[in-house]
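Visitor: Heads up, here are the entries from TrEMBL:
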{"type": "DNA_BIND", "residues": "20-39", "note": "DNA-binding region"}
{"type": "DOMAIN", "residues": "77-256", "note": "domain 'BPL/LPL catalytic'"}
{"type": "BINDING", "residues": "SER90, THR91, ASN92, GLN112, ARG116, GLY117, ARG118, LYS183", "note": "biotin binding site"}
Amino acid sequence: MVKEELLKLLEENRGEILPGNDLKDALGVSRNAVWKAIQLLKEEGHHIESIKNKGYTLLKQSDVLSVGGLTQALGAQPSYHVEVLEEVPSTNTYLKESDGKKNNTLVFAKKQTKGRGRLGRSFFSEDPGGLYFSLLKIEDLLQYNPAYATIACALSVRDALSEVSGLSLSIKWVNDIYYEGKKLAGILTEGTLEMETGTLSSLILGIGINVNTGSFPRELEDIATSLFMETGRTYVRQEVAKSVLSHLEKNLLLTKENPDALLASYKKHLLYLGEEITFLYEKKPRMGILKDLTAEGHLLVESEGSLLTLHSGEISIRKGDQT
Ligand code: BTN
């Protein structure tokens with residue numbers, strides 16, 4: 001389609017002026033067809049400037065999630081099968097319930113109506129400025145250790161967001177990214193096991209990031225934040241996704257090759273180390289001192305004279321006395 005091909009050319013030359021004549025020749029269509037496709041792209045929200053007698057330019061800060069833009073931005077390492085959905089309950093659920101999806105399918109949603117978090121919680125994903133996506137891995141799973149997948153994902157999101165924003169971000173065990181006491185991003189990793197062999201048959205890595213989010217529902221105002229709110233500028237989300245994924249692919253390999261290195265990097269950014277925390281233990285709230293991260297990625301907590309190991313499945317932690 002002319003529109004998609006045109007967007008590809010504009011994306012490849014972001015910030016540069018492309019003469020209408022060159023575009024028409026490259027696409028093999030009339031100038032009028034180029035003009036019409038430009039209008040359609042503008043209607044979709046792409047920031048394209050038409051410069052009289054010169055041509056068209058896709059502005060550097062233009063931020064619309066599209067298959068063409070994402071495919072171009074993400075490059076070919078690995079080559080992702082990108083889908084962009086206008087609205088879906090949850091990109092994780094979508095992947096779980098779709099048959100026949102290829103390895104490295106990457107699904108983005110402009111909006112999720114039932115964004116899911118850990119421990120059955122919800123994740124606010126109705127703001128059009130957020131970045132909500134899930135990656136499906138179904139091949140070469142033996143190169144990963146699923147026990148560290150959430151840790152790899154959290155570290156990747158933390159590092160990518162710190163790099164793009166310049167903010168010094170922390171990780172609240174096990175899967176939340178925080179800035180100055182407020183949540184900026186969350187991760188939900190889900191796997192399926194082959195019943196007969198007990199081996200992993202799919203891994204779904206779901207990531208939600210408050211990127212250009214301008215406001216939150218009242219009940220989240222004091223506990224959630226966005227990169228935009230903290231830095232006062234907006235981000236091109238496909239560039240944010242690119243950075244997250246490039247960290248993620250490397251860190252996923254580390255889950256098997258060198259989990260100690262992965263855990264050491266994760267621990268550097270772990271919140272509340274050495275501090276008092278509240279946690280649920282056998283369904284009851286307890287207090288203790290967060291002592292360490294174990295080699296398995298669990299938390300070691302000193303509480304009421306004994307050392308307890310907290311496993312991620314059933315535990316949520318908070319700072320101090322906040323039951
Ligand atoms: C959490 O807060 O515990 C994790 C939140 C994870 C949210 C992301 S958004 C994309 C993917 N789809 C979902 O439903 N959840 C994850």
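Cβ coordinates come from backbone N, Cα and C, glycine included.
Note that the coordinates shown come from a computational prediction; the quantities given were computed from them, not determined experimentally.
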Visitor: For SER90 (biotin binding site), just count the other CB atoms lying within 10 A of its CB, please.
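Guide: Looking across every protein chain shown, the total is 24.
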Visitor: Among SER90, THR91, ASN92, GLN112, ARG116, GLY117, ARG118, LYS183, the annotated biotin contacts, find the widest CA pair distance and round it to a whole Å.
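Guide: Largest Cα to Cα distance for the biotin-binding set is 20 Å.
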Visitor: Restricting to the chain of LYS183 (biotin binding site) and a gap of 6 or more, list residues whose Cβ falls under 8 Å of its Cβ, or answer none.
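Guide: Set apart from LYS183 (biotin binding site) by at least 6 residues yet with Cβ under 8 Å, we have LYS172, ASP176, ILE177, ASN210, ILE223, ALA224, THR225.
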Visitor: Give me the DSSP three-state residue breakdown of the DNA-binding region (20-39), ordered helix, strand, coil.
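Guide: With helix first, then strand, then coil, the DNA-binding region (20-39) has 17 helix, 0 strand, 3 coil.
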Visitor: Average the pLDDT scores across the domain 'BPL/LPL catalytic' (77-256) and report the rounded value.
Guide: 96
Visitor: Near ARG116 (biotin binding site), how many other Cβ atoms are within 10 Å of its Cβ?
Guide: 20
Visitor: Need the DSSP three-state call for GLY117 (biotin binding site) to compare against my parser.
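Guide: DSSP call for GLY117 (biotin binding site): coil, neither helix nor strand.
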Visitor: According to DSSP, folded down to helix, strand and coil, what is LYS183 (biotin binding site)?
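Guide: For LYS183 (biotin binding site) - judged by DSSP and reduced to three states - the answer is strand.
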Visitor: Out of SER90, ASN92, GLY117, LYS183, which binding-site residues lie by ligand 1, with a C-beta less than 6 Å from some atom of it?
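Guide: List returned for ligand 1: SER90, ASN92, GLY117.
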